[in-house]
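Here's what TrEMBL has on this protein:
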type	residues	note
ACT_SITE	Cys71	active site
ACT_SITE	His360	active site
ACT_SITE	Asn382	active site
Amino acid sequence: MNVTPITPALLAQMEQGYQSRPDLTVLSNAISRTDLDDAAFVPAAAAKLRMDFSVTVPTTGITNQKKSGRCWMFSVLNALREEVIRGCGLESFAFSASYMAFYDKLEKCNLFYENILHFAGQELTDRETWTLLGSPLPDGGQWDMVASLVRKYGVVPEWVMPENVHSSGTAQYRSILERKLRKDALELRELARAGRDTAARRAAMLQEDYNALCILYGQPPRTFDFEYTDKDKHYHCDRGLTPQAFFEKYVHYDFDAYLPVISSPIHEMNRTYCQPFMGDVVEENMFWLNLPQEELEELTVRQLQAGEPVCFSCDCHPDRDRAHGYWDPDSFQYGAVLGGLDLAMDKAARLTSRESTMNHCMMFCGVNLGADGRPDRWKIENSWGDAAGQKGYFIGSEKWFAAYVYQCVIRKDLLKPEQRALLDQQPLPMPLWDPLA
């Protein structure tokens, strides 16, 4: 193989190149005691991102996922809680994310075993198996996965199964359980490849997982009493509810009426996609419709105008000011600070190079429409607590939406007839390593 080493001559050339530009030394001195975000900040651009919006959907309070990857749960549960608040006449309300997380982790253990056995004929280094072993028990997820969990297990109020140190900070226990799952995977593969039955061992492994999760989270309740005092100071008590009955009676949310719509230039447009090996509940399948960017934005605006917030998934890392609460590519000039680097990449290039991926879920609760009727900034309810951003709320510029928002959950009745007709297609499967999966 031909290689290109850094030779003494090449190093001398690079040293001379740096020394020939005094502006680089000025930049080095200027940022030696300055954070890169602060050095790259463009005040004039950020000043345009005002917390004022022509369309606003009222929401109730800010939640905090703390040191966990449960943003996807909080974004959906925060949308669902508005149903309970309105229906019961409450000042505030929150669902138990711990209850959801318990069953999410249990289902992910079972799905991991299912997938390991499905690909047992592969070598360990084949891409599907290698990907599965890389993250046996992830924290992350998407809207579809909350829908699957709620359909199967229902929901409970926060006080029925409250947060604890393990639900709020998952890294430590996940690393331990992932070690167990990888060990289990090797044993199940050995049994399957030898033609032996795996059902008994798999059931025993899942019992161990359940026991460990009960120790960490507490055992989920089968029934509970729903007690509350409404805004008029009237006490109510509904006794002996199952989590499923509570959802049916108090939430009134039809998951089947919604659809995750993505906009990915690296996938065929106007096509449906699925991911049979990702998610949590093994008997469910994830399903998306891929539409052009302008159609995704139009649908999102229409849902907000209809008075309903929009759960969405994005890449939350680039161009972010967490303290002041906004995302905007124009507000940061990192390339200029580092000597004039050209960092421009289009959406397709960022996805194919793995520069960008979906890694955070939040909720749009407002949009500002300019004189031309097009959005120029978006109001976002986050789940990082009220100390982040502007009392927990953030602003996303239109340029940021176009670059880094990948999925919005849209009511099907807002789809145009030609968009709805696309849902009759046979969905194309996404690979496990797809940046949107």
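First residue shown is number 1, and so on along the chain.
A Cβ is built for glycine as well, from the same backbone N, Cα and C atoms used for every other residue.
TrEMBL labels come from automatic prediction, so no person has curated them.
Asn382 (active site) falls within neither a helix nor a strand when secondary structure is assigned with DSSP, and so counts as coil.
His360 (active site) sits 6 Å from Cys71 (active site), taking the Cα positions as reference. Within the same chain, the residues at least 6 positions away from Cys71 (active site) whose Cβ sits under 8 Å from its Cβ are Gln65, Gly140, His360, Cys361, Met362, Ser383, listed in sequence order.
Within its own chain, Asn382 (active site) has Ile62, Met362, Ala388, Gly389, Gly392, Tyr393, Phe394 as residues 6 or more apart in sequence whose C-beta sits under 8 angstroms from its own.
Counting every protein chain shown, the number of other Cβ atoms lying within 10 Å of the Cβ of His360 (active site) is 20. DSSP assigns Cys71 (active site) to a helix in the three-state reduction.
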